[in-house]
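Q: The structure that follows is given in the form of structure tokens.
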């Protein structure tokens, strides 16, 4: 729904000399200020709150399923080929918990400053424009986009073959190969 709405709201605007700059924007698309605020709140919900809720729910379900299977005895240590003497399920659960926390935390840390600034602008635009430079706004947006680069790195750091081949960047030595 948000994508279809954007097809009608965005248009190109060209700034005249000395800039000669063309940008796709919603400027001038809303008849009243509250329409734009409503659109921005819908975007905030769909692009920040909803993904955050989905991530938290999905990772919680994964962790609950791992815990449930551990408790049900589906993974007795004698039935599973192990890399070392202990059962890998507790370690897998711990690794999954750490990875989940890192992914959710990086999403929150990267996007929250941008959206807080956006909320301030949507409700008090004059006050925000007086106190915050446009360059800081752009930096916070780029910082938010950086989150997309962090996810593959996070997944890579938490996979066993990567850690075994390269060593863990946090200083832990790689796990020994089974004989």
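Every residue, even glycine, has its Cβ placed from backbone N, Cα and C.
Checked TrEMBL, it gives:
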DOMAIN    1-155  domain 'G-protein coupled receptors family 1 profile'
SIGNAL    1-15  signal peptide
TRANSMEM  39-64  transmembrane segment
TRANSMEM  101-123  transmembrane segment
TRANSMEM  135-158  transmembrane segment
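Structural setting of the listed features?
A: Taking the domain 'G-protein coupled receptors family 1 profile' (1-155) as a whole, pLDDT averages 81 in the prediction.
Remote same-chain residues near the transmembrane segment (39-64) are listed as 2, 5, 9, 26, 30, 93, 96-97, 100, 103-104, 107-108, 111, 115, 118-119, 122 (criterion: CB distance under 8 Å, separation of at least six residues from the stretch ends).
Residues 95, 98-99, 102-103, 106-107, 110-111, 113-115, 117, 168-169 of the same chain sit 6 or more residues outside the transmembrane segment (135-158) yet have a Cβ under 8 Å from a Cβ within it.
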